[in-house]
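The Zn(2+) binding site annotation in Swiss-Prot covers CYS328, HIS379, HIS505, and the record cites sequence analysis as its basis. Sequence annotations record features per position, and here Swiss-Prot assigns domain 'TGS' to 1-58. What Swiss-Prot lists as region 'Catalytic' is 237-528, and the listing cites sequence analysis.
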Amino acid sequence: MIRVICNNETVELPKGATAADFASKIKNSHYFAGVVINDQIKDLSTTLNEGDTLRFVTFEDSEGREIFLHTSAHILAQAVLRLWPQAVPTIGPVINQGFYYDFANLSVSEEDLLAIENMMEQIVQEKLEVSKKTFNGKEEALKEFMHNAFKAELIQELPEGESITAYSQGEFMDLCRGPHLPSTAPVKAFKLLRTSAAYWRGDPSRESLVRIYGISFPTTKELKEHLHQLEEAKKRDHRVLGAKLDLFSQQECSAGMPFFHPRGMIVWDALIGYWQRLHQLAGYKQILTPQLMNRSLWETSGHWSNYKANMYTLKIDEEDYAIKPMNCPGCMLYYKTRLHSYKEFPLRIAEIGHVHRYEVSGALSGLMRVRAFHQDDAHVFLTPEQVEEETLNILNLVSELYSTFGLEYHLELSTRPEKDTIGSDELWELATSALERALINSNTPFIINPGDGAFYGPKIDIHVKDAIQRTWQCGTIQLDMFLPERFELEYTNAQGEKSTPIMLHRALFGSIERFLGILIEHFKGKFPLWLSPEHIRLITVADRHQPHAKELAAAWQKLGLVVTVDDSNESVSKKIRNAQNMQVNYMVTLGDREIEENTLAIRTRDNRVLNAMTVETFINTILEEKNSLSLTPLL
């Protein structure tokens, strides 16, 4: 017999028992997708050993969902090969919203997706067992996949001695690390979403491929809910709303580098202004560093050797320069402009820097995936003893910022990777424990991602949930034990000796362009008044009312409100409709009665007609709504 631990209980099992054997004794075990054994995700077919700690996962868990979607990708590939035997499967990973599979030697259209879905349904109905095969070295694996050059390339690149595995279901076998579902049966609901062109390994110089995207769920109900969410997402698409509301545009001459229009800049300025006020109150000092810096800087930071493929470089006076892809190195140079003492720590330095990173054209998408964007970075220099308290300060700042926009979020703590890290075990333990204690003290739920930290330190990622329950990874808090050392940063400690500071690198919005795209979709273009590109539109009934309208607009603009006048020849109803289509918060109609009685006829963008009110009452309420950063109308 062997003893294993599950849910903090010790269980005895026969020697040689698998996780599936154990699961069969547990109620509702048919929902299990896999098992986490000693913090490693595994197949249910895995043999258990003495002392193993188990946690079974379902579709509701991130690990279980990945297994489910990965098996779904294999079902897709098997279906395609049954319909088009000449197709060559390449890779089929899980992505944020489902999965895809890339094929060479295949030509399909959107009309073919239904036929593929029908074949996938047949494969699910066959309840094919999924089994794992471990090859005895590269030679055996290459022999198995000798007719697939893409798989052979992947095999050849594997380090010597690394385990090489494949998974089979029926006649289909795929090179894969796994894990997978025990059979095809649980994949009861799926939908193929679209096709697109792709390149092998994302390299335009390599083979052209066809990519098929899909999504899958354990039940039809969940699939229907997801498809409804996708339809709702289409209505909220920031690219469509951005054009409709005249916020920004994309130009062919600068792919991935958005043009912000005057209305978009009003939203931008409101967003940045709020960020600056918040950070000033939190003790941050703002800097601005150059976009173009010499190669020597990027060699010191490590970007030249590790990130050059994503950088835009050029020569000036026969020397190499690069447009900055990140703000961090510039802040290191600022730190070195003077001497520092432990007495000024934590030293909080913030920058909204314009950065550029190369992305392949096929990956670009509106404001969400760009080549040029602004990042709201801050670097906090501190002593090791200050890490926990300062992390808690940042987490409190995160809470205040995201609640201002009505956004829910969750946190993920990523710990030390197994290989290729810098810093001592003691320092890693100190840093990770400090971040974890800060998370606990913040009373915010979080999960731990073992081994998913950066090579230079542990990190906390901030995942935001929008109005239709999608999650977006926005901000991050990273403890950096690397750059201060590379740049030879120093401070005088309490003993009067020179020490290297610890650095917390954090971004709350992340990419401001991306965050703005999220906000457009979250609010469906209906910005709260303080963020809105147009607070009030004055609508005249006749030409004789124009002077009064312009007088009011000028007075209100001096109060910091964004006010326009529609004195066109359109009918009043058409003017109101135009304003509502542009999501103007309030429409004020001016006619003879309003001017005589010094009152206002007010309508909201949701077509609520308000009781007539005085100018003073209206403006005082509007200013309160704006200055309080209210998410809901006060009228």
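Glycine is no exception: its Cβ is also placed from the backbone N, Cα and C atoms.
Within the model, the domain 'TGS' (1-58) carries an average pLDDT of 91. Summarising the environment of HIS505 (Zn(2+) binding site), the number of other Cβ atoms within 10 Å of its Cβ, over all protein chains shown, is 22. A C-beta separation below 8 Å, combined with a sequence spacing of at least six in one chain, links HIS379 (Zn(2+) binding site) to CYS328, CYS331, TYR335, ILE349, MET503, LEU504, HIS505. Over all protein chains present, the Cβ of CYS328 (Zn(2+) binding site) has 23 other Cβ atoms lying within 10 Å. Note on the domain 'TGS' (1-58): DSSP counts are 8 helix, 24 strand, 26 coil.
Listed in chain order, the extra residues whose Cβ falls within 8 Å of the Cβ center of the Zn(2+) site residues CYS328, HIS379, HIS505 are ASN327, CYS331, MET332, ASP377, ALA378, GLN478, ASP480, LEU483, MET503, LEU504, ARG506.
Under the DSSP three-state reduction, HIS505 (Zn(2+) binding site) is assigned to strand. Classification of CYS328 (Zn(2+) binding site) by DSSP places it within a helix.
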